[in-house]
Amino acid sequence: MQINWQVVYQTTKGSVFQCTLTNRFIVEFSHTQTSFSVLDFRQFRRMVNAIDMRQMALRTDDAHDVAILSPPHTDRCFVLTLCEVVHLRDLLNGAGFMLDLNRMLSDCGCSFPEEVIA
Amino acid sequence: MKDIVRLRTSIKEDIEQILNQQILMEFESSSKYLAMASWCDRNGFEFSAGFFYKQSDEERQHGLKIFHYLCDQGVVAVTPAIGAVQIEFDTLRSVFEAALEQEISVTNAINRIIATCRRENDYITEEFLRWYVKEQMEEEFIARRCLDLFNLIPADDTLRLDKELARVTFTGETVD
Ligand SMILES: [Fe+2]
Ligand SMILES: [Fe+2]
């Protein structure tokens, strides 16, 4: 974690940081870090939430063993097993919740005590 | 914690999503009206056809207006994928009835979005949607007035009915 990064949300499987210098989100998941703009982060979260997990669980052919995602403006792609989809969803939606909470607090004039989350 | 999302846009994610759904609905309306225009055209209702061609254009403009709003607010406007729409109707009256039903569902959708804006304290988007509230009041008025004509003009006087239908406009007070 770098000096200008704030923890948005963490699970045992990964972390989401925000960089206060570049105003970007950094997703750390299965030992890799991927940086996203605000819009691309939203988009990436939507992509992960849109994965048809039922299909992955029920279909027996190889093509449905993993979900492959290429998030916008990154040169990497995520190859996710069913378990990883669950963990990544957890992480991204948890981060989404914290961002909403942060907004709600600032809407009513409060702010997140940073030392508690950092 | 620094709110880097707010720096990017004032539009919250759920508002972005329902506005994109509304874009889809307006484009669907456009498509439905185009199908109605086509039905009127091929069944000899020339004036009603003109009326629906114009409606179809207007609905597209309604969709685009939201599209530009989302782009201006720095979020993603999604190009809507429109499915197949109803192209056959039993009678001219049923065409106009379908039009009124469509307008009612659009009014309901706009109301729901405004309710969401209030819940999310998004008064900027609510203000933007005020135009749609007025528009829906006019659209429902026109569609209802058209249906009234079917009761006022004898059914066998189709040419007159067709002409009168296309002439219906909203004459009430509006504030721009
Ligand atoms: Fe409309
Ligand atoms: Fe309309």
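Cβ atoms here come from the backbone N, Cα and C positions, even for glycine.
Source: prediction; values computed, not measured.
The Fe cation binding site annotation in TrEMBL covers B:Glu26, B:Glu59, B:His62, B:Glu103, B:Gln136. The domain 'Ferritin-like diiron' annotation in TrEMBL covers B:9-154.
Within the set of binding-site residues B:Glu26, B:Glu59, B:His62, B:Glu103, B:Gln136, B:Glu26, B:Glu59, B:His62 have a CB atom less than 6 Å from some atom of ligand 1. Checking the binding-site residues B:Glu26, B:Glu103, B:Gln136 against ligand 2, the ones with a C-beta less than 6 Å from an atom of that molecule are B:Glu103. Its own atom aside, the Cβ of B:Glu59 (Fe cation binding site) has 23 Cβ atoms within 10 angstroms in the protein chains shown. Regional average pLDDT for the domain 'Ferritin-like diiron' (B:9-154) in the model is 96. Residue density at B:His62 (Fe cation binding site): 23 other Cβ atoms are found within 10 A of its Cβ, drawing on all protein chains shown. Other than B:Glu26, B:Glu59, B:His62, B:Glu103, B:Gln136, the residues of this chain whose Cβ falls within 8 Å of the Cβ centroid of the Fe cation site are, in sequence order, B:Met25, B:Ser29, B:Glu58, B:Val106, B:Tyr132, B:Glu135, B:Glu139. Just so you know, the Cβ of B:Glu26 (Fe cation binding site) picks up 24 other Cβ atoms within 10 Å once every protein chain is counted. Within the same chain, the residues at least 6 positions away from B:Gln136 (Fe cation binding site) whose Cβ sits under 8 Å from its Cβ are B:Glu103, B:Val106, B:Thr107, B:Ile110, listed in sequence order.
Cβ neighbour count for B:Glu103 (Fe cation binding site) (all protein chains, 10 Å cutoff from its Cβ): 21. Here the domain 'Ferritin-like diiron' (B:9-154) has, by DSSP, the following mix of helix, strand and coil residues: 115 helix, 0 strand, 31 coil.
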